[in-house]
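Q: Dropping a structure here in structure tokens format, bear with me for questions.
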Amino acid sequence: MIIMGIDPGFAIAGYGIVKYEGNKFTSVDYGAITTESSMELPKRLLVLYNGLKEIIEKYRPEAIAVEELFFNKNIKTALAVGHGRGVAVLAAAQSGIDVFEYTPIQVKQSIVGYGRAEKTQVQQMVKAILNLPAIPKPDDVADALAVAVCHAHSYKMISYGL
């Protein structure tokens, strides 16, 4: 199964393509789509959309996993990131790919075994699970890979009827 993980944003959106077969994970590709802060929001969203569509068309994932947004203070940031999330979901929907959403706590629980794990713990586990030479940077990329691995774990449980 090929899974695309997305850590949504409009300045930086991380993505990770993971292959999951027989309890084995392989990193296929990962990176970030970035936009210039000098660009107007609609143009930034278009850059994000075009970048995601290109990646989706190249790898044709069977599922797309997106980290749900969680902001408790800065509503302006939440709204801006929400635009990026909407673009990611739209790109997936237009490609006919099912979208699965996971909270940060679910991702941490799946990757580390503890829902309140530190970001560095998640990054180290992503590196180990995918046998990567280094922790992917920026952080958004490691987060995208983590949500893809989280979906593989969840999909496995769903397929077993758990």
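Cβ coordinates are placed from backbone N, Cα and C, and glycine is handled just like the others.
Annotations per Swiss-Prot:
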ACT_SITE  D7  active site
ACT_SITE  E67  active site
ACT_SITE  D140  active site
BINDING   D7, D140  Mg(2+) 1 binding site
BINDING   E67  Mg(2+) 2 binding site
Q: Sort out for me which one of D7, E67, D140 has the most neighbouring CB atoms within 10 A, since those are the active-site residues we care about.
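A: It comes out as D7.
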Q: Roughly how many Å lie between the Cα atoms of D140 (active site) and E67 (active site), rounded to a whole value?
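A: Distance between the two Cα atoms comes out at 10 Å.
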Q: Determine, from DSSP, whether D7 (active site) sits in helix, strand or coil.
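A: Its secondary structure by DSSP: strand.
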Q: Please report the distance from the Cα of D7 (active site) to the Cα of E67 (active site), rounded to the nearest angstrom.
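A: A Cα-Cα distance of 6 Å.
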